[in-house]
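Taken verbatim from Swiss-Prot:
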type    : residues : note
MOD_RES : Ser2     : N-acetylserine
MOD_RES : Ser21    : phosphoserine
DOMAIN  : 331-537  : domain 'PCI'
MOD_RES : Lys465   : N6-acetyllysine
MOD_RES : Lys549   : N6-acetyllysine
Amino acid sequence: MSYPADDYESEAAYDPYAYPSDYDMHTGDPKQDLAYERQYEQQTYQVIPEVIKNFIQYFHKTVSDLIDQKVYELQASRVSSDVIDQKVYEIQDIYENSWTKLTERFFKNTPWPEAEAIAPQVGNDAVFLILYKELYYRHIYAKVSGGPSLEQRFESYYNYCNLFNYILNADGPAPLELPNQWLWDIIDEFIYQFQSFSQYRCKTAKKSEEEIDFLRSNPKIWNVHSVLNVLHSLVDKSNINRQLEVYTSGGDPESVAGEYGRHSLYKMLGYFSLVGLLRLHSLLGDYYQAIKVLENIELNKKSMYSRVPECQVTTYYYVGFAYLMMRRYQDAIRVFANILLYIQRTKSMFQRTTYKYEMINKQNEQMHALLAIALTMYPMRIDESIHLQLREKYGDKMLRMQKGDPQVYEELFSYSCPKFLSPVVPNYDNVHPNYHKEPFLQQLKVFSDEVQQQAQLSTIRSFLKLYTTMPVAKLAGFLDLTEQEFRIQLLVFKHKMKNLVWTSGISALDGEFQSASEVDFYIDKDMIHIADTKVARRYGDFFIRQIHKFEELNRTLKKMGQRP
């Protein structure tokens, strides 16, 4: 192996914020200390089943062979080859199938063997152990009862530092390739663990003084600046923004990729980091910046992220949510409807792997709830199949929202919004019991204020649909409002129904002001004139499209029948 193993012997070499090695997790409570020591002994001296040893050795050999081949390709000044692609495919099979099956069989609710225990099996291969630890800690976060300890949260952070330093600080491209799915999961899990730690450190009620002191003395562990720095470094190293810019203009992205961006490892990590930044800025409540990081990605065209369905779903979820909070309802509805239709048509392919299905199914349910909110606040036509699903899931709640029930809005928002976080380290000397909820409560207040401003609009819309002309005073009387109050509400209606809407261009922030409201009006002196702008359904277009699809299918079947 030709990677610089000596550089990866100590964690301190990776990160300037290494904690003292003699730190232990003793709490002062004899029962807790005894439980911890038993757990430590069990993990240290556990007997590793023979099948797991064989799997680890095979996994290591596959990764080592790929790295050796990659070194050869780099020395020959080649970017990739069929041999590399085949070995990446083997790793993908191990990662998505073998690892999952063995986890289910041997480690369903318990950790995999520690890296130190399997190190002799892999010749203390530093790079492989970093990759193994990434999977090891991810499994603890996801499946082990009680979740990760404080020490494990810190160790996982250091392991990510090791991994990203290996990729970013190498003299030339790192001799490593991984499946796109694994690369996406690395970025996704990195942000998830940061999010989890941000909430964990705010809940001090059940923490010992020793744990709080340790958190207080290590403010740079899982610091928001470190996380942002990693994501931006991966974006810059890959030159992905420039590649996307050239790609969308019809050019060859390879021409501007640079030394690192030509390699799949850097290109895909850079791309996934853009989506990671979208997610991170959304969690921090900066929706404009969240969408701005995707300014070179054309969401309405099939692109690189289509290769990983979870990345595609995550992208649309956070873009749609950001649009919703920016009061760009028409864009939010378009984004949610598009991705829900995609999930509806491809859902069967996700059931082969449970963890993918669970993640996509959860975001699918959340996006249905967000779409229900958006359509209540801004009624417009969507795909019939999605509309039918929505009525089945949230028909009653949409009726209650139309009547102005704030409790339903709050319930659906709480269920479907991201888990917001604060980037600021709390004051450990005086942490409010609900401090971890403050970011969510702040975003809920912003959303609820907007709902309150539109509370009367649904009722006004239903009245306007009944008439073509009506004295302002008379319609105000129907609503138990004074004429002045009613005129204010009509102005609110005009204002809220006019949205900034994306029409063309690459940046999702671009757009022009439009109104898709099914009813419009103007006031002439004391008389309100109303026009129904609802467009009649064009059934002919639908049937023509279906006929073309049927003819294409018929031609395909005939060709298949002609094959020898």
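Glycine too: its Cβ is placed from the backbone N, Cα and C atoms.
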C-beta crowding around Lys549 (N6-acetyllysine), within 10 angstroms: 10
Cα distance (Å, whole number) from Lys465 (N6-acetyllysine) to Lys549 (N6-acetyllysine): 38
Three-class DSSP secondary structure - Lys549 (N6-acetyllysine): helix
Predicted model, mean pLDDT over the domain 'PCI' (331-537): 82
